Amino acid sequence: MSTIQQLKNFIRHGKQARAANFNEEPARKHDSAPQAPKSPVTTMPDSEPQLGQAPQVQPVNVYSEAPGDAQNRAAQAAHAAAHHVEPAQQVQNKTATKSKRVDESNLAKLIAEENASKSKFPRYPGLERWELVEKMGDGAFSNVYRAKDLQGDLGEVAIKVVRKYEMNNMQRSNILKEVQIMRQLDHPNIIKLVEFAESRQYYYIVLELAPGGELFHQIVRLTYFSEDLSRHVIVQVAKALEYLHEEKGVVHRDIKPENILFNPIPFVPSKVPKPKQPGDEDKVDEGEFIAGQGAGGIGQIKIADFGLSKIVWDNQTMTPCGTVGYTAPEIVKDERYSKSVDMWALGCVLYTLLCGFPPFYDESIEVLTEKVAKGQYTFLSPWWDEISKSAQDLISHLLTVDPEKRYTIREFLAHPWVQISGPTPMEEKKKPDFVLRAFDASKFEEAGKRYDFRSPGAVNLREVFDVGYAVHRQEEEGKRRQQFGVKGGQGKYLGGLNEEDEDEHHMEIDGQGGDQKPQHGTQSLEQSMRKTNIRDQEQARGRDRERANERGYGQHSAAITAAARQQVRDRNRQKGPFELNLGNATLLGKRGKKIPAMEA
Ligand SMILES: Nc1ncnc2c1ncn2[C@@H]1O[C@H](COP(=O)(O)OP(=O)(O)OP(=O)(O)O)[C@@H](O)[C@H]1O
């Protein structure tokens, strides 16, 4: 059996096993997002969180009150586990008799599932207004829940619960900056901030809900998108960037498929399914594209996660942020560099949507770093053969190494490929009628099995984006510093919200408040990669600093590589056993036998 086949089998096996674990999860609803009111900030009274409590062992007589109830079964199970007693022996009713036949391993599985699905949400002080319904995602210091408003008419929201107590001062202040930036934003393609509150141990960021979740999963599901669907998605991301760049003076700096969320729409099956391309065996039908609405169940796009974003100019005074009374050419250039990082990311996302694998990939992070830095990518045959030259032309203007030559958001939006609208109303008329199915969660969850967010291949795509973008951001900042002749720190003229982000003097290490000397090379990379273990990175940073000093300013790719490698290691460790790095097995494997990285 070939290595790729072995990997595929492994992934398939792993996916099945993990999908089975999700079968007991409550089905996701796909309601429309609530209207976000003005964003008050609330500080909750100090009270201890009830996190980490052992599940309560219920008295036996509680069980008979609601036989069959999931929580009750969980309680029975917890009781049984605590007392080494088979719960069926304790309960003299039909359910109990039935459960005698359940073998122990099944019971244990049931317990775990029930506990996971019902008792997993801690009661957070200050969040009483909301009923946590489902965990939708997580970050290094946070969990994101879908929640229902129990007291008002806000409907469903997403609540990001950030564990303050795990964060140092710099990380806390970055969260506050994120909220501060989000508070100023109001655009249909950007997740709105509904409310911000905090207790002693947590920040609560209440957000407009994007019920479809991450675009990332849809790439995994659909393998790649048609040009129409890709355009539908990328233009909305671009509209959000246009608003950020042109109206708000904000750069996002973390545009990637996992930060692009969406509202679902009804799936319209293809009347005439497209013939499968080589390597498309697993491709799911994306359905009919409806202009202005979308396809494949993907409707309105919403960008999220402003954790790395920053303000590059003040939209009140229309001046670069933090400067008073002058706007030197290099400041203008700096602003352009910052925005150009988002444009690079836009190119990476568009490339990935159209073909199903990222433009830059290599199993070796050293080589990946170099490919990103040099802009080495190709439109690989046969995967790109059917994709229009116009789309390729647009991508090549985005994946341009020189940020001054790279397309701006305006140039992007004026490109002919973007200007093409979907099928004209005339063409729409010619199509035979098709049945509009109501949105069906199973389309996204494949007959009740939710797509595994942590499949090795999926993680691999995340890593490629993370490493690629971070490397690129670092390169941009290197160029910027070279341009300004700045030797230490960066962006000192950027004030206000960006101060701490850019200020490397007060980096708290390991929660002990140790000060760091200003460093360049890896530091902004590390800051931009938030999911890092600062203590672990210290060693790498020390080595990187030495190397960077030896080689001189601007030649810091080894330092970037070491930090990027460390970041991937940390990330794998944090995400647990499912996040194995198995190379490009899933996403690239899905597109055929050859691996692009080996050909590029
Ligand atoms: N408004 C939302 N609607 C639906 N899902 C959301 C929303 N916000 C976040 N999520 C889910 O939670 C995940 C994590 O959210 P987010 O990226 O904002 O958190 P984070 O702590 O900043 O994560 P990271 O450390 O990866 O940046 C998202 O990728 C998404 O799956």
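A Cβ is built for glycine as well, from the same backbone N, Cα and C atoms used for every other residue.
As recorded in TrEMBL, the features of this protein are as follows:
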type: REGION; residues: 11-55; note: region 'Disordered'
type: COMPBIAS; residues: 70-80; note: compositional bias 'Low complexity'
type: REGION; residues: 70-102; note: region 'Disordered'
type: DOMAIN; residues: 130-418; note: domain 'Protein kinase'
type: BINDING; residues: Lys160, Glu208, Leu209, Ala210, Glu258, Asn259, Asp305; note: ATP binding site
type: ACT_SITE; residues: Asp254; note: active site, proton acceptor
type: CROSSLNK; residues: Lys256; note: SUMO2 cross-link
type: REGION; residues: 476-579; note: region 'Disordered'
type: COMPBIAS; residues: 519-531; note: compositional bias 'Polar residues'
type: COMPBIAS; residues: 533-550; note: compositional bias 'Basic and acidic residues'
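Sequence features annotated in TrEMBL and their locations in the structure.
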residue	record	DSSP class
Lys160	ATP binding site	strand
Glu208	ATP binding site	strand
Asp254	active site, proton acceptor	coil
Asn259	ATP binding site	helix
Asp305	ATP binding site	coil
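Binding residues for ATP (Lys160, Glu208, Leu209, Ala210, Glu258, Asn259, Asp305) extend across at most 16 Å, taking the greatest CA-CA distance. Ligand 1 lies within reach of Ala210, Asp305 from the recorded positions Ala210, Asp254, Lys256, Asp305, judged by a C-beta closer than 6 angstroms to any of its atoms. Residue pair Asp305 (ATP binding site) / the residue listed as 'SUMO2 cross-link' shows a Cα separation of 10 Å.
Take the recorded positions Lys160, Lys256: by the count of other Cβ atoms within 10 Å of each Cβ, the lowest one is Lys256. The Cβ of Leu209 (ATP binding site) has 30 other Cβ atoms within 10 Å, all protein chains considered.
When the recorded positions Asp254, Asp305 are compared by the number of other CB atoms within 10 angstroms of each CB, Asp305 has the fewest. All protein chains considered, the CB of Glu258 (ATP binding site) has 21 other CB atoms within 10 Å.
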